[in-house]
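I have placed the structure first, in the form of structure tokens, so that the comments after it can refer back to it.
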Amino acid sequence: MGASILSDFGAEILIPVCAVIGIAFSLVQWVLVSKVKLSPGRESVNNGSGAKNGYSDYLIEEEEGLNDHSVVLKCAEIQSAISEGATSFLFTEYQYVGIFMVAFAILIFLFLGSVERFSSKSQPCTYDKSKICKPALATAAFSTISFLLGAITSVVSGFLGMKIATYANARTTLEARKGVGKAFITAFRSGAVMGFLLAANGLLVLYIAINLFKLYYGDDWSGLFEAITGYGLGGSSMALFGRVGGGIYTKAADVGADLVGKVERNIPEDDPRNPAVIADNVGDNVGDIAGMGSDLFGSYAESSCAALVVASISSFGINHELTPMLYPLIISSVGIIVCLITTLFATDFFEIKAVKEIEPSLKRQLIISTVLMTIGIGIVSWIALPSSFTIFNFGDQKAVKNWQLFLCVAVGLWAGLIIGFVTEYYTSNAYSPVQDVADSCRTGAATNVIFGLALGYKSCIIPIFAIAISIFVSFSFAAMYGIAVSALGMLSTIATGLAIDAYGPISDNAGGIAEMAGMSHRIRERTDALDAAGNTTAAIGKGFAIGSAALVSLALFGAFVSRAAISTVDVLTPKVFIGLLVGAMLPYWFSAMTMKSVGSAALKMVEEVRRQFNTIPGLMEGTTKPDYATCVKISTDASIKEMIPPGALVMLTPLVVGIFFGVESLSGVLAGSLVSGVQIAISASNTGGAWDNAKKYIEAGASPHAKSLGPKGSDPHKAAVIGDTIGDPLKDTSGPSLNILIKLMAV
């Protein structure tokens with residue numbers, strides 16, 4: 001067998017040190033962002049050193065003849081309105097979620113404790129009768145604790161991300177006055193703050209939890225890591241509510257603001273006269289940042305937990321080899337260091353000078369992090385794993401070499417990159433798919449919708465093959481453990497992925513603030529360019545989330561099948577086949593719920609916005625202010641009320657099926673929902689992203705082709721706006737929440 005090169009002590013130091021470095025790095029980035037002042041006053045910091053980071057540039061305001069003070073004050077005022085809206089919504093949401101959390105924790109405790117009728121004495125283990133395991137009551141208690149830990153970490157990471165984003169949005173707008181590069185760096189840095197905080201926090205909390213639980217469990221590692229699984233469940237169940245609630249919130253406001261503002265009243269996007277505009281900007285933060293943060297954190301926690309559970313009943317766990325046991329965590333800690341180096345490429349090594357350099361720079365981030373991470377995984381697999389070992393594979397142990405495990409992780413990592421690039425090809429307006437969609441707007445909204453749907457369905461092909469290949473490779477090398485670490489490989493560069501992802505909503509908000517503060521069209525052009533790149537990167541982030549969700553849920557499904565001692569699932573037995581059919585239907589049911597919620601909330605929003613335009617005198621002329629608060633309240637109430645049924649559907653289905661129809665039907669349901677959920681999720685988020693960027697393509701008018709399609713307000717542009725509005729709930733509500741559905745069902 002041979003021991004690993006890295007000692008146990010080394011592993012125990014490496015993980016927390018990397019996590020702390022990640023947290024420190026995010027704080028440094030935050031300090032750099034906060035150097036952009038939101039209080040008026042001429043900027044004359046000129047000590048020669050800050051020239052590169054742009055703290056010593058004079059503003060280019062003189063030529064544009066704007067009064068500097070009023071603009072800065074206005075930006076600060078809008079920013080505080082957005083921040084307050086987002087905070088108050090999250091607090092309301094967390095109150096409801098908190099009640100649910102406690103109820104679900106009690107449920108977990110009762111379910112797990114009732115296995116042995118709440119006995120508090122030790123009993124023989126399920127997988128090996130010769131060993132004595134800790135009592136079921138202990139497992140129940142510890143699982144509940146780790147569930148709450150995961151839930152709290154998830155909520156905190158979402159909340160911190162939202163705080164940072166609302167802190168950075170106005171600063172990005174102000175930096176855009178100095179040039180596109182400065183604004184990009186500000187937005188990207190604040191994205192990095194969130195990415196690193198989340199990756200490092202998730203790792204640190206998990207690591208501390210394992211060490212504390214070890215004090216009680218001692219040598220019973222399989223019991224220990226089974227209790228840790230609650231961590232992933234907590235993370236994802238909070239993410240579900242964050243994603244669904246936030247998604248309904250943001251899209252109700254967005255659809256309401258667009259339909260009345262752009263189509264009926266012909267005022268530009270984010271015009272301050274539009275009553276729903278604050279709610280729309282709040283929604284970007286609540287849905288895209290807080291929701292996305294919790295979502296990726298959930299995937300991350302779950303793939304770690306799935307890998308740990310399988311490892312604990314393999315040779316690592318049986319022989320108590322700590323370093324290889326912690327292999328999943330070591331990968332994540334190396335990932336933090338790799339992402340740190342990658343981030344410096346965007347902010348410090350290369351400077352962005354022109355608009356066209358934005359997207360390539362973000363793509364470079366993905367490539368650099370993947371290449372560096374491949375090297376990192378190679379080193380980790382070499383020093384942290386023995387040269388050969390065995391992995392639990394449906395009842396027997398399978399011999400595996402360390403290079404095979406390296407390939408499992410690497411294949412997940414590269415599959416993630418491929419999914420990212422395919423998504424980018426289908427949703428970025430630099431390539432033909434989106435340009436074709438934009439072109440179809442000549443003949444009205446119907447053709448736009450047809451082309452957009454076709455694009456979404458077509459965009460499933462390559463990602464599905466990528467996921468399929470990585471499943472095949474990793475399963476043939478290392479059984480279910482291979483799939484779990486392959487999912488971890490896809491998420492190992494989570495800090496960079498999140499930084500790129502959070503960058504989108506931040507620059508979107510920056511554009512909104514520029515419009516509301518009445519800045520010149522030149523600044524608005526810059527923020528629009530940042531935002532269009534942000535739309536694509538958001539789609540890439542969703543691609544990652546969906547791909548990793550598919551792998552994670554398969555790994556969890558494997559862990560479930562290994563623990564429930566089913567060696568094969570026979571599709572031809574009626575119970576399993578019925579389960580498959582029902583499971584495949586669930587994502588449709590779930591999407592129907594979320595889409596309908598957005599529709600009904602948007603309806604209320606449209607009526608309210610129309611009411612204000614019709615009844616408030618002087619609103620269209622801009623002499624009186626609209627009543628923003630009512631719109632924020634509509635969105636909040638709708639999303640809180642509507643997020644409960646879809647959540648209940650996901651959480652209760654596995655319990656109901658398992659209790660009434662048995663384990664076999666349940667395995668069918670899980671497989672079915674995984675298979676259809678992935679397809680719908682990919683096509684929904686790509687269709688929505690493509691429609692959005694087709695609209696941006698027409699608005700920007702950068703190429704002769706785009707100019708021929710409109711200025712804003714032309715018929716093709718109106719058709720594009722309708723497409724974008726249909727795509728909104730697809731790409732931001734049902735698409736992204738489906739990947740949580742896939743994962744949660746499996747947990």
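Indices start at 1 and increase along the chain as displayed.
Glycine is treated like the rest: Cβ placed from N, Cα and C.
Annotated transmembrane segment per TrEMBL: 13-33 (among others), in sequence order.
Here the transmembrane segment (96-115) has Cβ contacts under 8 Å with residues 136-137, 139-141, 143-144, 147-148, 151, 155, 230, 233-234, 237-238, 241, 640, 643-644, 647, 651 of the same chain, all six or more residues outside its ends. According to TrEMBL, the transmembrane segment annotation covers 96-115 (among others).
Sequence annotations record features per position, and here TrEMBL assigns transmembrane segment to 135-162 (among others).
Per TrEMBL, transmembrane segment is recorded for 183-210 (among others).
Look at TrEMBL and you will find 297-318 (among others) tagged as transmembrane segment.
TrEMBL lists 325-346 (among others) with the feature transmembrane segment.
TrEMBL lists 366-385 (among others) with the feature transmembrane segment. Using a Cβ-Cβ cut-off under 8 Å and counting only residues 6 or more beyond its ends in the same chain, the transmembrane segment (366-385) has close neighbours at 4-6, 11, 323-324, 326-327, 330-331, 334-335, 337-339, 341-342, 345, 402-403, 405-406, 409-410, 413-414, 416-417, 420-421, 489, 492-493, 496-497, 500, 540.
Residues or ranges marked as transmembrane segment in TrEMBL: 405-426 (among others).
Per TrEMBL, transmembrane segment is recorded for 461-484 (among others). Tertiary neighbourhood of the transmembrane segment (461-484): same-chain residues 303, 306-307, 310-311, 314, 328, 391-394, 398, 400, 404-405, 407-408, 411-412, 415, 418-419, 422-423, 490, 543, 546-547, 550-552, 554-555, 558-559, 561-562, 678-679, 682, selected by CB-CB distance under 8 Å and a gap of 6+ residues from either end.
The transmembrane segment annotation in TrEMBL covers 544-566 (among others).
Annotation source TrEMBL lists transmembrane segment at 572-590 (among others).
Under 8 Å from some Cβ of the transmembrane segment (325-346) lie the Cβ atoms of residues 6, 11-12, 14-15, 17-19, 21-22, 25, 29, 185, 188, 192, 195-196, 199-200, 202-203, 206-207, 221, 300, 303-304, 307-308, 311-312, 316-317, 361-362, 364-365, 368-369, 372-373, 376-377, 379-381, 384-385, 405, 409, 484-485, 488-489, 491-496, 499, all in the same chain and six or more residues away from its ends. Take the transmembrane segment (183-210) and the stretches 13-33, 135-162, 297-318, 405-426: counting Cβ pairs under 8 Å, 13-33 has the most. Each of 13-33, 297-318, 405-426 was scored by its Cβ pairs under 8 Å to the transmembrane segment (135-162), and the highest score goes to 297-318. Listed as Cβ neighbours of the transmembrane segment (297-318) (distance under 8 Å, sequence separation of 6 or more from its ends, same chain) are residues 1, 127, 150, 153-154, 157-158, 198-199, 202, 206, 221-222, 224-226, 228-229, 231-236, 238-239, 324-325, 327-329, 332, 389-392, 397, 479-481, 484-485, 487-488, 491, 494, 545, 548-549, 551-552, 555-556, 558-559, 562-563, 739-740, 743, 747.
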